[in-house]
Amino acid sequence: MGKKPVVIGIAGGSGSGKTSVTRSIYEQFKGHSILMLEQDLYYKDQSHLPFEERLNTNYDHPLAFDNDYLIEHLNELLAYRPIKKPIYDYKLHTRSEEVVHVDPKDVIILEGILVLEDERLRDLMDIKLYVDTDADLRIIRRMLRDIKERGRSIDSVIEQYISVVRPMHNQFVEPTKRYADIIIPEGGQNRVAIDLMVTKIQTILEQNAIL
């Protein structure tokens, strides 16, 4: 069998601990060839829209993502070709003109709330994970992130959670759990599940003639 990268999809609600799980797996393979690809960098470019209209963007809906662009980049990485990863500007609510050069690696971790929603993405994955965390923990984590990293107010985060995030989670994110090979409760705190994942990834790497 020829050399082929391993693609791991990590999904779950906003604030579920996906990033913690991703980093835990990444740390286990730090000495190897591994990269992280975040779905939320692939929100659609909205530079053609007035700023006031961009403010109404529903970032928790599947249509907010440019999955065609993400799939194009994944296929490039799977062919061991480099990509120019986009950067999303949450203050301007559109894609930045800047990009990041990313070289291909043997392990690709694709992380995002809806990475399991699109069948085309699922078909590119070797392992599909869903991080399952209680709603109260998810809202607290989302509040802290949006206030610290995205310049949001507490009131705006709470209002958005009630009117958008929660209904979108119930309608689109939670149902993707059924596509997961493994469901990880307690996010990054679940060391047993993460250790099992690391072992499984090592097995696939060996089968793909990488390790």
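Yeah, the Cβs are placed from backbone N, Cα and C, and that goes for glycine too.
Pulled from Swiss-Prot, these are the features on record:
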- GLY12, GLY13, SER14, GLY15, SER16, GLY17, LYS18, THR19: ATP binding site (BINDING)
Sparsest-packed of the listed binding-site residues (SER14, THR19) - C-beta count within 10 angstroms: THR19
Where GLY13 (ATP binding site) falls in three-state DSSP terms: coil
CB contacts for GLY17 (ATP binding site) [other CB atoms within 10 A, all chains]: 24
Distant-in-sequence Cβ neighbours of GLY12 (ATP binding site), under 8 Å, six or more positions away: LYS18, ILE113, LEU129, TYR130, VAL131, ASP132, THR133, VAL173, GLY187
Additional residues around ATP, ordered along the sequence, whose Cβ is within 8 Å of the centroid of GLY12, GLY13, SER14, GLY15, SER16, GLY17, LYS18, THR19: ILE113, VAL131, THR133, ARG138, ARG141, GLY187
Reduced DSSP assignment, LYS18 (ATP binding site): helix
Which same-chain residues, if any, lie at least 6 apart from GLY15 (ATP binding site) yet have Cβ under 8 Å of it: THR133, LEU137, ARG138, ILE139, ILE140, ARG141, ARG142, ARG145
